[in-house]
Amino acid sequence: MSDLYGVERLPLPRAQEMADIDRRAREEHGIPERLLMESAGRAIAMVVQALYPEGTVAAAVGSGHNGADAYIALRALKSWGREVRAIQAGSQPPDRALAHRWDLPVEPVEGSAEAVFCTADVILDGLLGTGTAGAPHERATQMIEAMNGSRAARVAVDGPSGIDFSTGAVPGACFRADVTVTLGYPKVGLLFQPARSRCGRIIAAEIGFQPVADDEVSAFVLTPDWARAFRPRRAPDAHKGDAGYLLIAAGRSGMSGAAVLAARGALAMGAGIVRIASDSANRRICQTAVPEAIFVDIDDDGAMAEAGEWAHAVVVGPGFGRDKRAQLRLDRVFETTGALPTLIDADGLNMFAGRSDALAQLAKSRPVAITPHPGEMARLLGVNTEGIVRDPVAVAASAAQQLRAAVLLKGAPSVVALSHEPVLVSAATSSAAASGGSGDVLSGACGAMLAARMPRREALGVALFYCARAAMLGPPIGRSSLEVVSDLPAALETPGAETPILPFVVFDQPPPR
């Protein structure tokens, strides 16, 4: 199995958006609800058969659509010769017509659930679905605990019972899946923690929905096919100028590492030429660590003016400092780079803390992109970090509009937002990115894409995808940011999965690591 499979254009709806897609399928496009249920149930059954071809399959059958899907999956598996058992987990049993006259009784939960789940080889969680809000009630909690207590392989139908499908919150008891078969499209909450750790491997099954327009969902997934479609391609006769000239203003005295990592990230991502504008004390280290780059004394007005006229894009902020001297240098960078596409990161953003209006004003004179982590975003907007991580998709979209900037909000996963465009969510995540300097590498990679004249949203999305892919190429612990940089060229050439495990699979992501 590859580290990630996904079709190029993959919607990532919230719970209500998915409900609206389902409603339009029935009311506007004449797609029968029963047909969608049959497709869903059989898709679940085929995934179970492909991954767990032997043993008894037991399902918690709730009263909603997830319960019906699980019941249909049991019927299909039974018709293929598997031993199956159904436990009534909701107030009402499923429609017996869904059994197609197969002998498929639904056993009462009292006295049966724990014994059935403990002897099963595979468990299907069809208890709660996208319409459920808040923590599961006591009876549902007991059912979830009984399923989690089994040693069987655990498969969630659409998503684990107990998660918020829109935000990824887990307000109470939650099913812990080895595999989640999500139906139609992956729901946005599945990709965000803490729900992501409860989903295991996520497989999205196409079940017959109509195409989804950009304005019908809040977000789309960054997948290998998307990244390949948008990344720059070099012509056989390309020269350095075609690849792009990037100015990186980074590193106060003693912080040369930030400048080095940003420059290495930019060059590995394909920048034609990089100039590093930094404190003169950093010259020797920068020229030794990145001999391909040209060093510029950031306090030399003439050299900075020349660099600003030369560059196609600028990155400013990594390791910059926050004192008065840093502010003067930041102002000099903005003065000498005119209307160049400008990416602001790290200390560059911290110097706008509580002054988001000043950043929005700057964005009137040039295309601006920012790459904050949640703490930097909170300081910029003057809010608590908890409010940022509660719903990163909504926060990034709102900030992009307020600041007139393209926003790459870093996290697990990271998201990219630009006003009037759907948010892009990175599905490729690795804890290997949780190391010092990874943000500097990312800012340099983003700058390389801006210098290649890419639109801001696509530039940030492509750089984010391939930096995450590079982090996934090695072990999750013990890798330095320089090692991730070294893997960037290989990541750019990695095609990803070309063939899904089953024809209807449109997304396939392994458990987080």
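Numbering starts at 1 and runs along the chain as it is shown here.
Here the Cβ of each residue, glycine as well, is placed from N, Cα and C on the backbone.
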| message | Starting from the AMP binding annotation in TrEMBL that includes Lys410, Gly411, Ala412, Pro413, Ser414, which of Gly382, Gly439, Gly444 is the extra site residue? | response | Gly439
| message | Asn66, Ser161 show up in TrEMBL as binding K(+); which entry in Asp103, Asp121, Asp125 does that record put in the same site? | response | Asp125
| request: Could you tally the C-beta atoms, other than its own, that fall within 10 angstroms of the C-beta of Pro413 (AMP binding site)? | output: 24
| Restricting the comparison to the binding-site residues His65, Asp125, Ala133, Asp158, which residue's C-alpha is spatially nearest the C-alpha of Ala412 (AMP binding site)? | Asp158
| Candidate binding-site residues Ala68, Ala133, Lys410, Gly439, pick with smallest Cα gap to Ser161 (K(+) binding site) | Ala133
| To which of the binding-site residues His373, Lys410 does the lowest count of other Cβ atoms within 10 Å belong? | His373
| Integer Å distance between the CA atoms belonging to Gly439 (AMP binding site) and Asn66 (K(+) binding site) | 40
| field | Neighbouring binding-site residues, C-alpha within 10 angstroms of Lys410 (AMP binding site) - of His65, Ala68, Thr130, Ala133, His373 | value | His373
